Amino acid sequence: MVSYEYVLGGMLVSLLGSVFFMIISSTLGGKKQFKVSSEVRSNGFGNGEFQPEMEEKSTDVVIVGAGVAGAALAYTLAKEGRRVHVIERDLSEPDRIVGELLQPGGYLKLIELGLEDCANESIDAQKVFGYALYKDGKDTTLSYPLKKYSSDVAGRSFHNGRFIQRMREKIATLSNVKLEQGSVTTLIEEKGIVKGVIYKNKAGEELRTYAPLTVVCDGCFSNLRKSLSAPKVTMGKPHVAIDVHEGFDGRSVESPSCFVGLILENCDLPHANHGHVILGDPSPILFYPISSTEVRCLVDVPGTKVPSVASGEMANYLKTVVAPQVPPQLYNAFMAAVEKGNIRSMQNKSMAANPLPSPGAILLGDSFNMRHPLTGGGMTVALSDIVLLRDLLRPLHDLDDAPALCNYLESFYTLRKPVSSTINTLAGALYKVFCASPDLARQEMREACFGYLSLGGICSYGPVSLLSGLNPRPLHLFLHFFAVAIYGVGRLLFPFPSPKRMWLGFQLILSASGIIFPIIKAEGVRQMFFPATVPAYYRSPPVH
């Protein structure tokens, strides 16, 4: 049964969507080398020889984790003059199958942070100019709206580990950064205020470090999240089987699917410098370049269990189920990658941000907020958050008044919403729309989405500007989503409406409502659409 609130919501958005659709319809007439420091590869910065020792009392900020979020934050705060102590569990080069595509909006944030040279030819990064979308033998190209930007601005795709190591190299050159390998076990709290962390260093010694502000960026498997966020995440009832469980941190985490990763070698994508999304059965298949000679393939497998790699079930699944859906130009390279056998998998996770303001500490990155990686928006959200946090901290000469700082930083959670809620909502909604379904209304919604994006004009660049992080406007996302639904209803009713088709159109609107409204609810309706009505929006820096 569809909730009554979806019926009312569907009726309202149908009216708004009809007007919006009529408006937009009227507009339709008209080989390289990369180098990573050998010191990084061999030593992983773990010996702490790259920066002078600093007394604990002289540290302004402790950062837990030196992944994309932690390393970028450490660099920008240090450049602002803050004294930073970064503790990372493993300083060797990461080897991951996600975090490899940075949207243009994220690249602009990287420029603001002064880190754009970490995603260039030095790591064999590739420019990305948009997407190619495939469905049932048809394809359409969706380009990023980049005309008003300099020629260097585009998406970037790369090996995640190389990108992170380049940022670590940069922060290791700063005299006011101490980068140390260690495992943080606990936050130090005194009278409700976080004073620092307890950690074990590379030698296994248990140590303490103190600072007025602790920033936790320890990733999706964070063991510190439970202290800094409320135990609440509900994303609605999905149309495919997913796992919604309570993690060890006390929070519910949605695990809608797993990614199975392969690397295709020495092959050309059908559309150069574009990500490729195949609307496959049962779920999407992605291809994008990660170097001048390699293409990443990510196969989405719904649920939390994937066929066994060791037994050969996975290879058989890829050959018999996935391979027939791969574009012909990539088929041979795909089969060769399967035969090679370097098949990786990881569970995808989604978790709406639900902060518990804590004096002396704040969460960032995947430890704070996750969304389905289908749209490649995670790093863009994290880098946007870092720019915002840096700007909020900039007027403060010191961070010693933890309660006042905590009160002031509550504005962060509202000010971040335009970017984060747009990307998060789009990721969750697109994943559900792009997955195959036995439900006729979902099938029509999927077909309508492909058709709408293929129209070109605002129907193409509008959604892509949202996905890219270049136009972080939740209302535009809402209107485009229901314009897709109205377009789908129009396809059903034209040229000869029938009672059966009218009923299916009604179900399509309800289905669309059932997809997007739970995601919006989890993001927070007020913060997402009416941020100026939230008192924290107007918080001023504390006066010392």
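Quick reminder: no glycine exception, Cβ is built from N, Cα and C everywhere.
What TrEMBL records for this protein:
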{"type": "DOMAIN", "residues": "60-90", "note": "domain 'FAD dependent oxidoreductase'"}
{"type": "DOMAIN", "residues": "211-241", "note": "domain 'Squalene epoxidase'"}
{"type": "DOMAIN", "residues": "253-503", "note": "domain 'Squalene epoxidase'"}
{"type": "TRANSMEM", "residues": "6-28", "note": "transmembrane segment"}
{"type": "TRANSMEM", "residues": "61-78", "note": "transmembrane segment"}
{"type": "TRANSMEM", "residues": "450-470", "note": "transmembrane segment"}
{"type": "TRANSMEM", "residues": "477-496", "note": "transmembrane segment"}
{"type": "TRANSMEM", "residues": "502-520", "note": "transmembrane segment"}
Intrachain neighbours beyond the transmembrane segment (450-470), with Cβ under 8 angstroms and 6 or more residues off its ends: 24, 27-28, 103-106, 108, 130-131, 133, 135, 138, 140, 142-145, 155, 279, 375, 377, 380, 384, 419, 422-423, 426, 430, 476-477, 480, 483-484, 487-488, 491
Stretch-averaged pLDDT - the domain 'Squalene epoxidase' (211-241): 73
Residues of the domain 'FAD dependent oxidoreductase' (60-90) by DSSP state, where helix covers H, G and I: 12 helix, 9 strand, 10 coil
